[in-house]
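Structure first, then comments.
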């Protein structure tokens, strides 16, 4: 089957690789000059199945009000004048209940755990290198309330059989020796030894090369204008003056997926703006050895070979990609507070990207009401964590194979209801 994939971020490239491995003829189209040059370029660098959790959580509405008045708040909201933004925020609030949080986190962990298994199999088969580390991830708490609040996450981890360790402040240095100098600031931590880290952009570039060896064709610097429809199916992709045709089409354009398919199916994928800095290491003994998540500021600090990546925060501001100095100040403050002297933050690069977020946090992977149109988008902050599993899952669905995990609650159909023949967002 001839398949066109729109988008060459980590999710699009993973989709291409697994579809090609399943025997399909795959072409990837992207406006950028190469793979992973947009949302996947400088993310936080973590592969964290156990920490897969929706931003829509109990207590978040009250926290959001408090964060409005804090200098280093992890969340900021600026109205963009669209009805879609208001609708999306309202549906996110509806998912901030204990019941929905558990449901959403459960299916996110399911896909994320499967994705890690797929990544491990890929690594064993291809020996792909991406500055990866398998030292686990450590979530650190600055208050007793945060430590006590970890109970709801631990319950889901137990149910999913995800290994974890709950550490006291004195025990944190066992996982991250450099934290010994600042343990008095922390109340404890939750460590997931099975999590991994690495450079997502490097991984995606090398996976694209492996995909090319399987026959995948990449068309970069190519504008994607519209999906052409005929006879109730996609007839092609309008790329400037050219119509690119295939048997099936996959939209993996992150936050840009929503507008492209708007006339065909309504998907609640909104851009959630995040930031990162990447600093050279100046003292390895004072730097992290893996990924540390600061629960207070919602920031991840990740060790690469010779660099530290610090990323996080969320701004609900539409497609605004301006770099804000205040956000850089927060990232620098956080890493220098936990790992003083570890990295040269004054000479760090500064980046922003738009995460494709759904109101319930779960991505949209699978079929749509249009017979030959498939989606692989809405992964939020977990694009890399879920990329290999999402790609394999989609390849199985498109090849007529039964997926290795439950997939029905991951498709767009969980959001759709039939009303007067139209597909309207139900946000279930």
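Backbone N, Cα and C define each Cβ position, glycine as well.
Residues or ranges marked as FAD binding site in Swiss-Prot (evidence: sequence analysis): 3-17. Residue environment of residue 13 (FAD binding site) contains 31 other Cβ atoms, counted within 10 Å of its Cβ in all protein chains.
The Cβ of residue 3 (FAD binding site) lies under 8 Å from the Cβ of 19, 24, 25, 26, 27, 246, 247, 248, 249, 250, 398, each of which sits 6+ residues away along the same chain.
In sequence order, 12, 15, 16, 19, 26, 27, 28, 29, 249, 250, 252 are the residues of the chain that are 6 or more apart from residue 5 (FAD binding site) and have a CB within less than 8 Å of its CB.
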